[in-house]
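Engineer: Can you keep this structure in mind? I'll have questions shortly.
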Amino acid sequence: MVSGGRVGGGEGEAGEAAEVAVAMVDNEEEMAQAQAPPAAAVAARELVVGYALTSKKAKSFLQPKLRGLARKKGILFVAIDQKRPLSDQGPFDIVLHKLTGREWQQLLEEYREEHPEVTVLDPPGAIEHLLNRQSMLQEVSELDLSDCHGRVGVPKQLFVNTDPSSIPAAVMRAGLSLPLVAKPLVAKSHELSLAYDPISLTKLEPPLVLQEFVNHGGVLFKVYIVGDAIRVVRRFSLPNVDVGDLSNNAGVFRFPRVSCASANADDADLDPHVAELPPRPLLEILARELRRRLGLRLFNIDMIREHGTRDRFYVIDMNYFPGYGKMPGYEHVFTDFLLSLVQKEYKRRPSYSSCEG
């Protein structure tokens, strides 16, 4: 708008009209630029990512290659002091976290309400769904992906929270077949056991989830999801179990985890039918549906292919904010993802060049 101008006649009036028109055009251009800033303007502004991670998680995730690339792209990681109110820190564009506990969740929810402009990865309420193995795979079981380049399901499973001596009878009633994989109810632990016979079931320690073991050629597919990006890594897993194994083995065999990062199977000489990755269209549909249903953007899926089939897959586990540091090229995927979260309207933040955690 033009203020303080005098309305007159003739050339003066036409001149002022022209000035008003120019001012309106300038204002429209400024508004358009504010709504959709050029890439150069975005790159010139620091993207501040506050992180609240355990020391172990911070070390594995914030590797030098991630920090270095992030600095080049204008992304700054700042450690959040859990002993201070979140509102007294920052300001942040994004809060990245993987902490548990009701107190932290409440603090984070209050912060989200006070600062809706900040992206929190991910909402505490959504994360809860993946912390309990009783409900973790429910969303997968409800999907209908039968016509999506393959079939995806979950193994038959049973939640057990009773006296161990009653487990064999509960397994029989549920119609589960041995061997069974026993997993802790709380997903923070990756330890699991393989029980071969009914007697061994009585040696398990509830609460836990029992899952039918599906032969899968000893190869597991770790599907990493970072926003819209999907990356798949092959890992060696538990070998097939045949009838002879069932008759010759007894007891409970404990494993630290199903797969091991050091046992990468991508370069191994494997049977092509075992090593073939799940179809890309199937993974894209599965990831999209789970993102929508779970309300999460950072998680991974452990998938197996039933041995002897080409298109029958099972999801056996899911994890929030998994070990992305083990994913090849994760620093490029993750920094691109963080930049994609920047909102269209940018507010100038103070410099944090001396505050990097």
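Heads up, residue numbers simply count up from 1 along the chain you see.
Just so it is clear, glycine is given a Cβ too, placed from its N, Cα and C backbone atoms.
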Engineer: Taking Swiss-Prot at its word that Lys56, Lys98, Lys222, Asn319 bind 1D-myo-inositol 1,3,4-trisphosphate, choose the one of His115, His129, His190 listed for that site.
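Structural biologist: Looking at His115, His129, His190, the one Swiss-Prot places in the 1D-myo-inositol 1,3,4-trisphosphate site next to Lys56, Lys98, Lys222, Asn319 is His190.
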Engineer: Using C-alpha atoms, which one of the binding-site residues Lys56, Lys222, Asp302 comes nearest to Phe213 (ATP binding site)?
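Structural biologist: Out of the listed candidates, the nearest Cα belongs to Asp302.
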Engineer: At the level of the C-alpha atoms, what whole-angstrom distance separates Phe221 (ATP binding site) and His190 (1D-myo-inositol 1,3,4-trisphosphate binding site)?
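Structural biologist: Cα of Phe221 (ATP binding site) to Cα of His190 (1D-myo-inositol 1,3,4-trisphosphate binding site) measures 16 Å after rounding.
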Engineer: Roughly how many angstrom lie between the C-alpha atoms of Arg133 (ATP binding site) and Asp317 (Mg(2+) 1 binding site)?
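Structural biologist: If we compare the Cα positions of Arg133 (ATP binding site) and Asp317 (Mg(2+) 1 binding site), the gap is 8 Å.
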Engineer: Just to confirm: which same-chain residues, 6+ apart in sequence, have a Cβ under 8 Å from the Cβ of Gly217 (ATP binding site)?
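Structural biologist: Asn240, Leu270, Asp271, His273, Val274, Arg305, His307 - these are the non-local Cβ neighbours of Gly217 (ATP binding site), listed in sequence order.
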Engineer: Hey, which of the binding-site residues Lys56, Lys98, Arg133, His190, Lys222 is the loneliest by Cβ count within 10 Å?
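Structural biologist: Lowest Cβ count within 10 Å among the binding-site residues (Lys56, Lys98, Arg133, His190, Lys222) is Lys56.
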Engineer: Around Gln211 (ATP binding site), which residues of its chain at least 6 apart sit with Cβ under 8 Å of its Cβ?
Structural biologist: Pro155, Lys156, Gln157, Leu180, Val181, Ala182, Lys183, Ile316
